[in-house]
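Undergrad: Before we start, here is the structure in question, set down as structure tokens.
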Amino acid sequence: MAKDLTNYRNFGIFAHVDAGKTTTTERILKLTGKIHKIGEVHEGAATTDFMEQEQERGITIQSAATSCFWKDHQLNIIDTPGHVDFTIEVYRSLKVLDGGVGVFCGSGGVEPQSETNWRYANDSKVARIIYVNKLDRTGADFYKVVKQVKDVLAAEPLVMVLPIGIENDFVGVVDLLTRKAWVWDDSGDPTKYEIKDVPENMTDDVEKYREMLVETAIEQDDEVMEKYLEGEEPDLDTLKRCIRKGTKDLVFFPTYCGSSFKNKGVQLVLDAVVDFLPNPTEIKPQPEIDLEGNETGKFAYVDPEKPLRALAFKIMDDKYGALTFTRIYSGTLSKGDTVLNTFTGKTERIGRLVEMHADSREEIESAQAGDIVAIVGMKNVQTGHTLCDPKEPATLEPMVFPDPVISIAVAAKDKGSVEKLGMALSKMVQEDPSFRVETDAESNETIIKGMGELHLDIKVDILKRTYGVDVEVGKPQVAYRESITKRLEDSYTHKKQSGGSGQFAKIDYMIEPGEVGTGFDFQSKVTGGNVPREFWPAVQKGFETSFEKGMLAGYPCVDMKFTLMDGAFHPVDSSAIAFEIAAKAAYRQSFSKAAPQLLEPIMKVDVFTPDDHVGDVIGDLNRRRGMIKSQDSAATGSRIKADVPLSEMFGYIGDLRTMTSGRGQFSMEFSHYAPCPANVAEVVIKEAKERQEAKSK
């Protein structure tokens, strides 16, 4: 029997590291009856933080999917990490969600990572509720955070509750819709609360904010607005309908507050998820694409009767085996079904289906459009692959992941672990598309690449803890790039005569800087038959293969354009291989003449510091060759945004803590590539040459 999809809510909880997402999820699970004893993050016992690395560090690394129920609605919750090195997890979960709860710290306000996550959610057009947490904290200020949401995120918070008391005196909230006060006792039991009349000293504020709430909400319905202007107050159901519409259309974001740790305020957030976040049928259907990645004009409609369309959005290995977390967009998926993976072109049989609750699971017979489930034991699937009905194949828009910016060499400490290391790394690549593994062709070293220092630290930790492989770790290496700055026309002739048939190929070509972001670009302007068309791909291949390695320090090249202008061939001695060799030699001949330059990755750095350390932090960023972009006051200090070369940011977290007595925070994400200053390029090139020499000995 088909489930009622209007009673589904697929949503994520996301925020800055330490804003209290995991604690909030724990409280939700307690209230919805999924767990009996609440696990505390600071004790390393939280239900959704189930990797050892997460429990030790107190940060959530993998998005754990959890299903629970509230007021006859099924909630599928994704708990996402807040640390910038794991932003990929946030992006990946937003891709498959219909709504979100953005958690902000009552004292920290809109912190760096909150901004990144908010931007991703805007890009994915995900409706959100705001929850200002930790109002029991010293320095907490609900109204200041609301103002920051407006100023920093350029978003419209719709205040739904007002706090009763603050810091140690925080006891509950006033629900503006009902004009009732929810007051919790200090027993630590979230169900021990009373609903009372509004405290006398708050009535004026309550009326003022309620009027603002009503006037903002009714703008969603002209008819209701007209009646209101004529003096008719909208009833509760009408108001909720208007708020739901505005939330769904991203016009505003219903804003709540509380203290998850003290078990105060979470029920109203759950009510808001049910009342205001969209169900799967209210979301724009996923477009289907062809093999070239172009939209076909068809859509995966949320309907259990339609052909199966599902997206694998996360692969995980746990103690039960390989899990493929899947969002079903249309159709129904049952045990025993055969599905087609459109990326590999292979079919697989579905052995077992499970509904996840953090790291425990419940076996189910089938799932349908709107569900988020895990498939056990799939072999050839990766994140972003589409699973569909083999009789009616279609591909959903895949996920796009950024290139890594940092790499380190790893080697097994003993020979017996070499094979184990290879198997472990291939599983880890399947699980995390922003993590890459390569083998250096010359040194045969295994190189792992990722999004930041912490990202790779955690991977090394996982190798040791989860797979039992001890590794030696090299020094972090920056992913430099090479390019040229000058346009050059040149010619090269490849001749080889050694008895029998020889080799001959002549090419006249132009090499020039390309537009930023174009990568490798090749075209032929040959007219007539001087270079027959059949040899053009060989010329392209020769240039493209060479392009993978620059001549300055051996780093990959970016943004270069190659044009085949003319040339000559011999009817007997010319071949595709001769033209490929000519192009490779031409590249080596011309690269150094075209004013090559080394490019370095520049990171967008966002630092929070208490005001009395601002001078030290700015001075330090300047010493790191940083360019300060802005400085603004935050809730409890200052926000400094800067562009800083990645090579200067190693170990920054330790230095920042020292400078700010442990109170500074920062986030960092890749921004762009920029030319290296000559003195820096000189050192990088020298070190690269020394490494090459050491490898060839």
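Every residue gets a Cβ built from N, Cα and C, even glycine.
Per Swiss-Prot, the features are:
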BINDING   15-22, 79-83, 133-136  GTP binding site
DOMAIN    6-281  domain 'tr-type G'
Undergrad: Look up Leu135 (GTP binding site) in the DSSP assignment and report helix, strand or coil.
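TA: DSSP assigns Leu135 (GTP binding site) to coil.
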Undergrad: Tally every other Cβ atom lying within 10 Å of the Cβ atom of Ala15 (GTP binding site).
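TA: Result for Ala15 (GTP binding site): 30 neighbouring Cβ atoms inside 10 Å.
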Undergrad: So for Leu135 (GTP binding site), how many other CB atoms are inside 10 Å of its CB?
TA: 28
Undergrad: When DSSP is mapped onto helix/strand/coil, what comes out for Ala15 (GTP binding site)?
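TA: Once the DSSP labels are grouped into three classes, Ala15 (GTP binding site) ends up as strand.
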Undergrad: What average pLDDT is reported by the model for the domain 'tr-type G' (6-281)?
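TA: Looking only at the domain 'tr-type G' (6-281), pLDDT averages out to 83.
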